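Student: Taken from TrEMBL, the feature transmembrane segment applies to 7-32, 52-71, 78-107, 127-146, 167-191, 197-219, 306-326, 346-368, 380-399, 419-437, 458-477, 497-520.
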Amino acid sequence: MDNPKVVGGWLTLPFIIGSIVGLSLAAGSWYANLTMFLVKEYNVSQHLAEKIYEIVNIGVNIFPIIGAILSDSYVGSFLVINVASFASLLYFQGLMMLGLSTIIPTLRSHPCNINTINDTSCDTPSIHHYAFLLVALSLATIGFGCTRYMLSSLGAYQFNKSEHRRIFFNVYILAYEACFAIAYGVIVFIIQDQGKWSIGFGIGIATNLISIILFLSGFKYYRHIVPQHNPFVVVAHGLICVTISKIKVALTKDHRIHDDEQISNINIIGSPSKNMTINSKSWAQTLISSQNQAQDLKKIIKIMPIWSAGIILSTVITTISNLIVLQASSMDLTISRHVTLPAQSMIVFCLVATIMTLSIFDSFLFPLWQTTFGRPLKPLQRGGIGHVFVVVGTIGLAIVETGRLNLNRVNDNGPVMSAYWLIIPMVLLGIGAAYYFPGGLTFHYQEFPKSLKCSSTAMPSIQVIIGFYLSKAFLKVVKQRSSWLADEISLGRRLDIVYWILALVVAVNFGYYVACSILYKYNTQDNSDSEFTISTNNTGDNL
């Protein structure tokens, strides 16, 4: 007798991780240097290019939510990822927008000749150029947005044990961060500086194609998520059931029907005992379904306070990512006599720290915690440790900025403080990301209702969107009310004060997070997957 086909488990890891590596490299080849590409190749103004990048950034974080809703409600994560991947392959990054626009001059405005005075051939993009760019960027955003979190949901669904899911999330984020470190460190600052845009976009197209082929090759090994009902309707129904049940409790105290009166008014056709049995079963199933829906709603509500703490954390991280460039540009970025480190590259140190921490987490840090405290590290504890590193890293940035200002006051024409002092706080922020980001993904996936597993891993996208707008509002208020973010030091720029404010905010948020974590009780985990239709009951979790 043949053994049934084994699906899921570690057998699927190379296909899913390989896919995210290819898709992340592909996205990094256009997403990381989009502003510079628009300015240099499309003759778009710096202000407009930044606005376009801002819109793309918002879309990249909105489409994971849309993809998660579609996946949980209608088509399953596998089909959503396929559609998004092919959309990203066909149009985003080069095949139409980037690659073709660097080869076919008519697809973009005439480039400016900086060596010619009053060059009249330097044209702004026409309506046709903008239309071409709009279509390409829209499909690019869909492809990048829908795939990065959907792959994490599908990957986590391949494992039954929480320990295996934790390892998967670590490997997943490790691969994702490593690809963006390569994109920022190699594709942007080597290929871009040399002006070889077609090479960069060609790399993206190739890695995108490889990732799709690799992902489809693992089709027969995946445990597929096929929803049987719309969970969002179920949650809404659960809210209605909770409300109605409270009303019924009040009404039944005054309106009771005796059993003999109720039975005498029933028009029974056929066998009375048979019909009463059917009605009893139907009533019991409806009651159980309503109770389950109410429980799912309670799970989501219970998670929201802890999830809201991530919004403030995302706000602080987004603000720091904007300020670090301004801070580094005022420091000595010289590596050697002929090599200068770009101010934007400071983010690479953060990414490298995240990668290094994740690479030793399961083999060293997690066992060390378990040996020291006698119990495994829980997701909320991991997120709390990440908060601590963010607090310390933000304080470190404030201290470095204070030292830089003091050095400038003592020596107006003296040596400028080295930007390498920023490496330590950026490394601390990177270590923090290695704790709170995977911890948050694990927590949401573990605690969300089973019918909302895809939506659970898209929750960080909502935090990023809200955090982005809060950061933007914070910086706008600071610029309007003070000179702390002035372009020149002589105009009263005081980044150190801004950093101290951020450190205070994230410290208070950490206290809020700890309070919510103490009050939170983990759901009783059930490894069954009855909410979904699975192709087989055999899994490769032990492979």
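Glycine is no exception: its Cβ is also placed from the backbone N, Cα and C atoms.
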Student: Would you say the transmembrane segment (497-520) and the transmembrane segment (306-326) are touching, if the rule is that at least three C-beta pairs must lie under 8 angstroms and be 6 or more residues apart?
Tutor: yes
Student: Grab the same-chain neighbours of the transmembrane segment (346-368) for me: Cβ-Cβ under 8 Å, and only residues 6 or more beyond its ends, written as numbers and ranges.
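Tutor: Sequence-remote neighbours of the transmembrane segment (346-368) are 166-167, 170-171, 173-174, 177-178, 180-181, 184-185, 321, 324-325, 328, 376-377, 419, 422-423, 426-431, 433-435, 437-438.
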Student: Ranking 52-71, 167-191, 197-219, 380-399, 458-477 by Cβ pairs under 8 Å to the transmembrane segment (497-520), which is first?
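Tutor: Ranked by Cβ pairs under 8 Å, first place goes to 380-399.
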Student: Please check if the transmembrane segment (458-477) comes into contact with the transmembrane segment (52-71), where contact means 3 or more CB pairs closer than 8 Å and the residues in each pair are separated by 6 or more positions.
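Tutor: Result for the transmembrane segment (458-477) with the transmembrane segment (52-71) is yes.
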Student: When you scan the chain for residues with a C-beta under 8 Å from the transmembrane segment (167-191), skipping those not six or more beyond its ends, what do you find?
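Tutor: Contacts with the transmembrane segment (167-191): 13, 16-17, 20-21, 24-25, 27-29, 31-33, 36, 148, 151-152, 155-156, 158-159, 197, 199-200, 203, 342, 344-345, 347-348, 351-352, 354-355, 358-359, 361-362, 433-434, 437-438, 441-442, 445.
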Student: If you count every Cβ pair below 8 Å, which range out of 52-71, 197-219, 380-399 shares the most with the transmembrane segment (7-32)?
Tutor: 197-219
